[in-house]
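K.L.:
Next up is a structure, given as C-alpha cells.
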Amino acid sequence: MSTRERVELQKEQEFIDRLYERVDTLRGVAARHVDDALSPVGSGMQARLERDVLVAERSGLLAALNAVDGSLCFGRIDLTGGAAHHIGRIGIREDDTDHTPLLIDWRAPVARPFYLATGHTPMGLRRRRHITTEGRRVTELHDEILDLEDGDRSGFEDRTGDAVLLAALNSARTGRMADIVRTIQADQDRIIRAPHRGVLVVEGGPGTGKTAVALHRAAFLLYEHRELLAKRAVLIVGPNPAFLRYIGEVLPALGETGVMLATQAELFPGVHARGTDTPHAAAVKGAAGMAEALALAVRDRQALPEPGAPVVIRHDDGELVLDWEIAYQAREAARETRLPHNLARPYFAFHVIDALTAQLADRIGADPYGGPNFLGPDDLAQLGKGVAASQEVRAAVAELWPMLTPQEFLAGYLAEPAYLPEGDAEAIRRAPGEGEWTPADVPLLDEAAELLGVDDSAARAAAEAERQEQIAYAQGVLEVSRGSESFEFEDGESEVLAAHDIIDAERMADRQEEADHRSAAERAAADRTWAFGHIIVDEAQELSPMAWRLLMRRSPTRSLTLVGDPAQTAEEAGVGSWDKILEPYVGDRFEHVRLDVNYRTPAEIMDLAAQVVRAEDPAFEPPRSVRSTGEKPWTRHAGTDLAGAVARAVAELTPDEGRLAVIAPRALHEEIAAALDGVTPGAEPDLTRPVVLLGPREAKGLEFDHVLVVEPGEFGTSDLYVALTRATQRLGIVHREALPESLR
Ligand SMILES: Nc1ncnc2c1ncn2[C@@H]1O[C@H](COP(=O)(O)OP(=O)(O)OP(=O)(O)O)[C@@H](O)[C@H]1O
C-alpha cells in the first residue's frame, strides 16, 4: 500500500471512529430514556403517558441505531467546490448548536448524486467513494473519478466502477436478503424515489432487483413522508411466510421497523388461513365473478315466507300473522336503504313490527260499528313496544333476515356454493365445520364483510365509554397536579407551568389514546377497514381479482407500488396482466417501469432458463445478466436411485459458505429428505440452513448460491423458470424421468 493510500484509509478510519463515538453517545442517551421510561416510577396517568410516548420514540431511535451498527457509513461524495459528504444508512448530526450533519441519510436529496452521477452527468461531483467496513474497521475504499479534469488520485481508483457491485453479487448468501443501499443502480434509484401518490408498476425478469427496489422504496417513502406514513403505515404483501422471513431484515437494516409485512392469508384480522385449496378451487375463489355470486348469496339470506304459508306468531294479545306480503314490503324497504345486510336489518325489523302492530291494533281497537279505531297514539306505541319485545317476533325476523358474521356467511356459502357453474361449485364445496380457512378464502371473507356490514354500534359505544373513563381519569390526574400547584419564582412573575396549564383533560385523554395505539402497523393489523398510507405488493402477478378487491379497499387513495413478472405467474388465479388488474380501479392511470438487468443469475444459467420459456413463447426476451461465471449448468440422469443421486449431487455442490437449495416436486420431498443429513421436509423451511429443500412455489422470490433442480419434467413452465433462476453461482439438474424438451 502506498503512503497516499495509507493516509486515505487512515482519514476514513478517523471519520468512522468519530461517527461511532457520536452514535454510542446517542445510543446511551436513547437507552437511558427507554430504561427511565420503563422503570416503574408510578402508576399514575402522567407516568403512563410519558412512558408510552418516550418508549415509542426512544425505542424507535434505539432500534434504528442498533440495526445499522456495523455498516452505518458506506460512501462519500466529494463535490467540485471542495465540500464532501459521507453517506450512510441513517442521518447523524453533530452535537453542536447548528446540529451540523455528520452523516447524510441515503434517502436525503443531498445523497442522490451518489447513486446517479456518471462521468457524463457528474451532478457536481468530483469523486464517488465506496467505503467498505468490517464492523467499525475500514477495510476497503473504491473511488470513481467523475470529473476527468481532476488529476487528484487516491490510489483506490476503480476503473470500471463496478467492483463493489460485483463483490456484493458474488458474495455468499446467508438465507436472509441483504439490503442494496451501497450499490443501488441509477434505474433502480429512479423507481425507489418515484412520487408516493398513484400506482407504480415495476416489472422485470428474475433477479432484476424488484424485491430489493420495493423494500428500499418503502424505506424511502417512510423517510420522505414520515408524518403521513407513520400514522397510516405501509403494508408490504408477499407470496408466503418463508419469503417474508427472507426479506424481514432489510428494512430494519435501513433503520425502519414500523412496516406491516403480510401474506394474503393474514389480511383478515382474526382469521389464520392455514388451509390449502386445490389450484382449481383457488382459481374459482379468486375469479372476479365471485363478488357477484357472493352478493347474490347475501340477498338469498333475506328470505320471505312461502305465499300462502305465513309465519304465525303467538302473542299475549292473540296470533300475529307474518305473511309473504308483509315480509316482501319490509324487505323492499330495507333493500331501498342500500345499506349492507346487517345494517339494513333494523329497517326490515321495523317494518315487520309496524305491520304486526297494525294487525293487532285492527283487531283490538276496531269499532264494531265501522267508526275509527279506538286506540290512541299512546296505546299504539305501547302495543308496538310489546310486539318489538316479543321473543317470538324477534325469532321470526331473525329467521327471515339473520344477523350474519362474514365467517358464518362464508361457511354457509361454501357448504352450498351458488351462482357458479356446477364444476366450479363442486371444486370449492366444503362441509360445514370441515377444513380450515385458506388464503383464497381471505378475500372472500373481506368481500362478505363489505356485503354484510359490521354492526359496530356496540364496539363504538364501548370505545366511547372507555374514552369517557380516560377523560375522567385525566381529570383526576389534573386535579392532583393542581393540588401540588405550580412554583413561583422569586421574582414573583415567572412560573413553571404545571400540567393543567398546558393540557386539558380531553386532550390528555386523546394523547393517552394516541399512546395506546402507538404503532400504526399494529393498529392496522387488527383493523379490517384500515386505510394504509402506501401498499407494496411483491409477486403481484400472482394475486387474484378478488385479492385485488381486498387490497384496493385498504388503499382508498390508490397509493401503491406493484412489483412482479408476468412470465413467473404460477397461480391459476393470478391476473398476469397489469391492465387487467388495474383497469377497474384506476383505468389506465398508472406508471409502468421495467428493470431489465439481472443481478442474480449468471448468463450461463439464464441462457438455459430462457430456453424453457422460449419453448412456449419464441419471442421471449430474458433480462440481461450482469455477470457470467464460466460455469455451465449440468444435467445428470439419476438411474433408479433418485434420492441417492440427489444426495451425491448435494455433497458436490454444497458450498463452504453460502446456501444450497434442492428444488423438487413436493411428492418427492419425503424420499429426498431421508437421504440428506439435517434436511426435513415441511412447508416452512428454515432458509438459513446450509441445505434447504423446497417445492417450486416456495422458492419464489428466494435465492441461493447453488441450486439443484430435481425432476424438472414434473414442473409447469413458469415453476421451472422460477426454479432455474434462483442460483447466484451454480445450477445442477438431476432427473429419473425424461427431461423436458427445452432442457435436453
Ligand atoms: N443494485 C444492486 N446492488 C447489489 N445487489 C443487487 C442490486 N440489485 C439487485 N441486487 C441483488 O440481486 C438479487 C436479486 O434481487 P431481487 O430478489 O430483488 O430480484 P427480483 O427481481 O425480485 O427477482 P425474482 O423476480 O426472481 O424474485 C438480490 O440478491 C439483490 O440483492
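Cβ coordinates come from backbone N, Cα and C, glycine included.
Per TrEMBL, the features are:
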BINDING   Gly204, Gly205, Pro206, Gly207, Thr208, Gly209, Lys210, Thr211  ATP binding site
DOMAIN    183-602  domain 'UvrD-like helicase ATP-binding'
K.L.:
Pop the mean pLDDT for the domain 'UvrD-like helicase ATP-binding' (183-602) in here, whole number is fine.
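P.N.:
Residues in the domain 'UvrD-like helicase ATP-binding' (183-602) carry a mean pLDDT of 85 in this prediction.
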K.L.:
Which number gives the other C-beta atoms within 10 angstroms of the C-beta of Gly207 (ATP binding site), all protein chains shown included?
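P.N.:
By my count, 27.
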K.L.:
Whose Cβ lies within 8 Å of the mean position of the Cβ atoms of Gly204, Gly205, Pro206, Gly207, Thr208, Gly209, Lys210, Thr211, the ATP site, other than those residues?
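P.N.:
Here the nearby residues are Asp565, Leu595, Asn598, Tyr599, Arg600, Pro623.
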K.L.:
For Gly204, Gly205, Pro206, listed as binding-site residues, tell me which one has the smallest number of other Cβ atoms within 10 Å.
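P.N.:
Minimum Cβ neighbour count within 10 Å, taken over the binding-site residues Gly204, Gly205, Pro206, occurs at Gly204.
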